[in-house]
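According to TrEMBL, the protein carries these features:
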DOMAIN    A:9-104  domain 'Pseudouridine synthase I TruA alpha/beta'
ACT_SITE  A:ASP53  active site, nucleophile
BINDING   A:TYR111  substrate binding site
DOMAIN    A:144-246  domain 'Pseudouridine synthase I TruA alpha/beta'
There are 2 protein chains.
Amino acid sequence: MTRYKLTIAYDGTGFAGYQIQPAGRTVQGEIERCLAVMHKGGPVPVSASGRTDAGVHARGQVLHFDSSLAITPERWIKALNALLPADIRVLDAQEAESTFHARFSAVGKEYVYKLNTSRQGDVFQRNYASHFPYPLDAELLDAAIPHFLGTHDFTSFCSARSEVEDKVRTIHHLELLRDGADWTITIRGDGFLYNMVRIIVGTLLDVGQGKIEPGSISELLRARDRTKAGKTAPAHGLYLNRVFYEE
Amino acid sequence: MTRYKLTIAYDGTGFAGYQIQPAGRTVQGEIERCLAVMHKGGPVPVSASGRTDAGVHARGQVLHFDSSLAITPERWIKALNALLPADIRVLDAQEAESTFHARFSAVGKEYVYKLNTSRQGDVFQRNYASHFPYPLDAELLDAAIPHFLGTHDFTSFCSARSEVEDKVRTIHHLELLRDGADWTITIRGDGFLYNMVRIIVGTLLDVGQGKIEPGSISELLRARDRTKAGKTAPAHGLYLNRVFYEE
């Protein structure tokens with residue numbers, strides 16, 4: 001058996017999320033279906049770096065699986081892309097160490113959140129960026145950003161439904177880039193709690209509208225209370241961009 | 001009655017084309033349905049600068065219609081966008097002269113054709129750019145481009161199904177821009193024949209692959225024979241970007 005590491009992109013619009021579930025089309029379901037075809041029906045379970053919710057996109061989700069097929073990485077890419085639906089693409093395949101694990105070996109992740117701030121919205125981005133046509137002060141967002149950096153307990157920025165006990169995470173990078181009406185928030189850290197990026201973005205939108213003071217982010221973190229932070233921003237603006245592993 | 005000029009954008013993916021037809025969802029059909037709602041069911045015919053085929057997008061299609069409703073342009077935008085489906089947006093509305101005609105007053109148009117030249121394709125562009133993963137020499141395209149500029153009989157670059165008699169058109173601007181794997185061809189002219197942009201792009205792709213010499217474009221134009229030019233490039237890479245009118 002050889003362990004393979006796959007890097008995939010998917011358009012989350014047509015999926016009920018990454019993870020396989022009883023009803024609804026899922027990314028994992030499609031991948032496992034194609035791997036089963038290649039393995040003459042035998043089940044080939046895949047493990048991902050983490051789940052993504054319905055509507056959330058990926059430019060660089062990472063998976064691993066084990067296979068006894070003697071196929072080069074280049075052939076894995078071709079064969080899977082020939083079988084997969086058009087809204088999932090395999091970008092890269094590599095042989096991995098048998099100890100490699102898409103989730104447990106990950107040392108960090110990068111997410112991107114896209115906002116379209118135009119008045120009427122962009123018809124081509126309606127599933128790929130969150131439309132936010134209200135006044136936003138970018139300087140207020142820029143003033144809030146440094147308060148998120150570093151190691152904090154992110155309980156206030158985590159879905160109350162999360163069952164994870166340790167809510168301490170480290171954010172290495174958080175940046176707002178503006179290109180006309182298209183705003184992009186990039187965030188990198190050692191790990192993210194359930195809905196964490198979307199709640200940080202929702203809170204930044206409150207900051208940009210003057211509803212939350214940039215300087216009160218630290219207080220908000222200390223409160224460890226989800227109800228103190230902003231709303232969870234919509235799923236369709238979010239992209240899992242990269243997963244980092246130690247070399 | 002007041003004549004109104006509308007500028008609209010649409011994602012062509014979900015439409016059987018611009019023009020209303022017996023079966024299939026059309027852009028014109030959706031617009032006229034919404035205008036009928038605003039006019040208590042009375043029919044309000046709209047005229048466009050031209051048709052677009054199934055899958056073709058628009059960032060700046062122009063329409064006109066007449067209405068007895070006393071509504072400000074700003075309110076037309078809001079009211080129509082509230083009624084229209086998410087894949088059509090009204091970007092602008094203006095009162096126009098009673099002699100203004102979206103098609104006959106137009107003095108030029110700009111189209112954009114998007115190519116994605118990456119190996120595996122971009123899952124987010126599968127409906128918004130034509131995937132062309134074969135070797136292409138941009139210098140050959142750049143060498144061919146000047147031969148299209150100016151006034152020519154474009155019979156070789158027009159669908160054989162076209163019933164237009166005068167096939168002489170003037171191209172003012174034709175440009176290839178490359179941003180990594182994303183190639184954009186922009187073309188402006190006084191008017192375009194049926195499939196003309198898509199056949200020019202298909203021919204440029206033959207040039208870029210070395211199948212047609214850049215210098216033979218003039219000969220191709222003189223031949224006035226559709227079979228001499230390249231294939232018609234796929235619809236979903238094409239955007240009607242702007243329609244020009246005299247001030």
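Glycine residues also receive a Cβ, built from the backbone N, Cα and C atoms like all the rest.
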For this session: Summarise the domain 'Pseudouridine synthase I TruA alpha/beta' (A:9-104) by DSSP state, stating how many residues are helix, strand and coil.
Result: 26 helix, 24 strand, 46 coil
Exercise. What is the interatomic distance between the Cα atoms of the residue listed as 'substrate binding site' and A:ASP53 (active site, nucleophile), given in whole Å?
Worked result: 13
Exercise. If you average pLDDT over the domain 'Pseudouridine synthase I TruA alpha/beta' (A:9-104), what do you get?
Worked result: 96
For this session: Using Cβ-Cβ distances, find the residues under 8 Å from A:ASP53 (active site, nucleophile) that belong to the same chain and are at least 6 apart in sequence, listing them in sequence order.
Result: A:GLY12, A:GLY17, A:TYR18, A:ALA235
